[in-house]
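The next block holds one structure in the form of structure tokens; read it before the comments.
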């Protein structure tokens, strides 16, 4: 599906759709016709939008980033009414952003919108020197407000590997799995259908914070996907795709972070459930410029309990010209700015590699070359097929149908817009006797963890190529789940308002290229099942059509692969006595006091699944660690 931009210029302005790329123009024109009269409910969460509204500069905790992890901490730490917390969020409120509410519109929140940091990657040597958008949510909820709502927890082997790497058994699945119950509120699908056989209730929580549900609508591909799992032993049916103690291998029904036909993000769950607490303050539109060193009680560590920030771009004409403000934490500053923002802030604060900081005239306070290194991310390859049946492309082109669907969603949060754009996906491994394993060790953490992912989408989905004006399409996405390539996040300058240099170094190892090639070959076998014989009419595009040998498949992969934007590992957790890494197993930053990191950057590898779930569990455990350390 091409990207649509749903936007409101002010609380009273009509909602409209904007597009900055040709690929989105068709659906932008369509949706602008039907979205002009939507009513957006007022915000429940209490937030402020100007530093002048702060009544104090001192809090017990200052959380940098109101995203996936930051708002979990905001909720859990303020459960004690005596504890004061300030959240500094660079982005805007998520309230009034219709694209961040209706599940079907998840793909429209980013890129190239006011709700995105609008990053791009540097030219990728493994992808024909191409550069492309690198979406990150720039609104309350962070990327939990901007992603495609897929909800999983990684595999138990992921968590056990983290425990092994860090030397801390408390990060193992046996200890982490209890947080599923605390976090998750599994709810019936919005269409109320019988879910028997589509999930395993014992794997889920039903009284937590964030709503999770199965698909609330059907697509023409659904029965064919299930039939394929019965026809081809290579693609078995998996009854529950949440992961954790249950294997992810196989194909099953998507579980989305949504309930009642509305997205459930860290903002609409954790923050909304804490909105009445007077000890919690959330400031949006605040860009953290650096952490400020403060007096330390120990000669062996440097204390960072103050944060300097200014207005975000878009809030004032020239934010760099505005005098910054500083706030201080009595207990701790907690960085939750994500795998891109966290290393950028650390480096701007003098925590990083002197070889990088010196030329930018940034004084190195803590020499740590691991900051911003080890970037690990999942790649995405859209394999597009032409189909003879009814795809979502027809729905998106029909003004009347879309208008009816929008009005239905507005009135009662049901219908097409209440559902995700995907109903089925799955995971698989390369065969154990694959030739690549003669020279490369298996990077997966265990035999129950996948190497690649398949996502079945009954529409045109290619972020880089405009959607044709006619035709019906099905996209079968291949995702590299266990990449061995590692990249970097570096500063472009010492100006905190300049975007960092993001270089994931996609497909720069033999294993990654082999895995993506294997995924394409497997997808061709999947779509060759009898279930698709009267539906799929061919491959779309000459490059895909000509991808028949190892070399031509590799060329095809390099020409179209982008990102599914799951960055991890740029402030990696290592054992407390390790000379590499950025944080200790208790998430304190090495060589510092008063400073922790709680976000995706601390997990030293990208998990074997979609990633918001693992970050929620990470944040829940982090809250317990912090409470225990500070006697809360």
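Backbone N, Cα and C atoms are what each Cβ position is placed from, and that goes for glycine too.
Keep in mind that this is a model prediction, so the values were computed, not measured.
If you take the C-beta of residue 566 (active site, proton donor) and look for same-chain residues 6 or more apart in sequence within under 8 angstroms, you find 377, 378, 600, 606, 610, 611. If you look up TrEMBL, you'll see 566 marked as active site, proton donor.
Summarising the annotation, TrEMBL assigns active site, proton acceptor to 610. According to its DSSP assignment, residue 610 (active site, proton acceptor) is coil.
Annotation comment: TrEMBL describes 288 as FAD binding site. There are 27 other CB atoms within 10 A of the CB of residue 288 (FAD binding site), with all protein chains counted.
The annotation domain 'Glucose-methanol-choline oxidoreductase N-terminal' is assigned in TrEMBL to 338-352. In terms of DSSP secondary structure, the domain 'Glucose-methanol-choline oxidoreductase N-terminal' (338-352) contains 11 helix, 2 strand, 2 coil.
Positions annotated as region 'Disordered' by TrEMBL: 1-20.
Using a 10 Å radius centred on the Cβ of residue 610 (active site, proton acceptor) and all shown protein chains, the other Cβ atoms total 28.
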